[in-house]
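Engineer: Below are the structure tokens for one structure; questions will follow.
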Amino acid sequence: MELTRAKHIAFFKRHLILFPTPYEEHDCERTVLAFFCLLGLDLLNALNTIDDDDKKSWIEWIYKNYVTKESKGIKYSGFQAYRTGIQPISFEQEPQLAGTVFSICCLLFLGDNLSRIDRDLIKNFVELCKTSQGHFRSIAVPSCSDQDMRQLYMATTIASLLDFSLSDPLCSIQYIKSCQRYEGGFSLLPYGEAHAGATFCALASWSLILKMIPNSSLNTSNQSYNLMDCVPKVERLIRWLASRQLSSGGLNGRTNKDVDTCYAYWVLSSLKLLDALPFIDGGELEKYLLLHAQHALGGFSKTPGEFPDVLHSALGLYAMAYQDDKSFPKVNADIHMTSKYINICRDCIQAAKGK
């Protein structure tokens, strides 16, 4: 069974024009859905098949979700995942970490140079989302209860893309450590269940934080720039990640759970960050994805027999890219983009700094 590349390209392009009924409950997350469509096309080397007028129109739509606010004399800005309705953004509608990181990625995919965003105000927004325990809320409102490892990952990704450092990064590392479970994997919150998605967010955040802080801050017996040397119980962690692969070749995200296409991405990315990718049988995983997750109409499904969706389709392709650098562009492990667009982002930020 081969990758039906043309069908996958058509699948993502269809969804960029119109999302089917099953996506209705995710209407407030349109930017996130658009990101997975654009990521999928980038992995298939097909972003150039999007019409230039469409790209310009979508860029303008994304910037309509950019909002600047003020709290206690501090101005901050960021993106919403989707501004609902036709009225201007109200004061009650806050920018979100998810909306901000996925909007930045979409703008890069569409060829924007990020010149209309204010890095300093976005940095203020990220810092206002931070808690005293080192993790982050999804919005800059102290009463927000949406705060876990995912928000920490989005905050560190925003900081990395826009080239600024987080305050007190070592506190965030301590929070990550507090979420490691006895199996070696990480949970979304302290004392939770080890989960492959949370484990990726923990390791990727840790990796990005290590790149932000000076070497002098790491001169302790237990810390270094090598993630493998930093993570406690690393052998147990690798064993737990490797055990996510089942006899079908697919991967699950938690102990005693069924396979799910997206965990191919979360697990392989985690192992890649630990230089331990060979612990997964890539051939069996690819066979599973192509035979059981790939859909006849294009795209990949969450589990065999279900309809495909853009998230599982993009992440399934990303997992395959780790195993095949000839058919796919080079991918990045700690930020969910191809290396090409990570470099483009750095060039955009350096150009903005030079003005």
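Any Cβ shown, glycine's included, is placed from N, Cα and C.
In case it's useful when we look at the structure, here is the feature table from Swiss-Prot:
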REPEAT    119-163  repeat 'PFTB 1'
REPEAT    169-210  repeat 'PFTB 2'
BINDING   His195, Ala196, Gly197, Arg254, Thr255, Asn256, Lys257, Tyr263, Ala264, Tyr265, Trp266  geranylgeranyl diphosphate binding site
REPEAT    234-275  repeat 'PFTB 3'
BINDING   Asp260, Cys262, His312  Zn(2+) binding site
REPEAT    282-324  repeat 'PFTB 4'
Engineer: Per DSSP, how many helix, strand and coil residues does the repeat 'PFTB 3' (234-275) have?
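Structural biologist: Computed counts for the repeat 'PFTB 3' (234-275) are 21 helix, 2 strand, 19 coil.
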Engineer: Restricting to the binding-site residues Asp260, Cys262, His312, which ones have a CA within 10 Å of the CA of Gly197 (geranylgeranyl diphosphate binding site)?
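Structural biologist: The binding-site residues close to Gly197 (geranylgeranyl diphosphate binding site) (Cα within 10 Å), listed in sequence order, are Cys262.
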Engineer: Give me the largest Cα to Cα distance among His195, Ala196, Gly197, Arg254, Thr255, Asn256, Lys257, Tyr263, Ala264, Tyr265, Trp266, the residues the record lists as binding geranylgeranyl diphosphate, in Å as a whole number.
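Structural biologist: Across His195, Ala196, Gly197, Arg254, Thr255, Asn256, Lys257, Tyr263, Ala264, Tyr265, Trp266, the widest Cα separation comes out at 19 Å.
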Engineer: Note down the number of other Cβ atoms within 10 Å of the Cβ of Trp266 (geranylgeranyl diphosphate binding site), including every protein chain shown.
Structural biologist: 26
Engineer: Which one, from the binding-site residues Cys262, Ala264, has the smallest tally of other C-beta atoms lying within 10 Å of its C-beta?
Structural biologist: Cys262
Engineer: For Thr255 (geranylgeranyl diphosphate binding site), which residues of its chain lie six or more apart in sequence with Cβ-Cβ distance below 8 Å?
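Structural biologist: In sequence order, the residues whose Cβ lies under 8 Å from that of Thr255 (geranylgeranyl diphosphate binding site) (at least 6 apart) are Glu183, Ala194.
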Engineer: At the level of the C-alpha atoms, what whole-angstrom distance separates Trp266 (geranylgeranyl diphosphate binding site) and Asp260 (Zn(2+) binding site)?
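Structural biologist: It is 11 Å, counting Cα to Cα.
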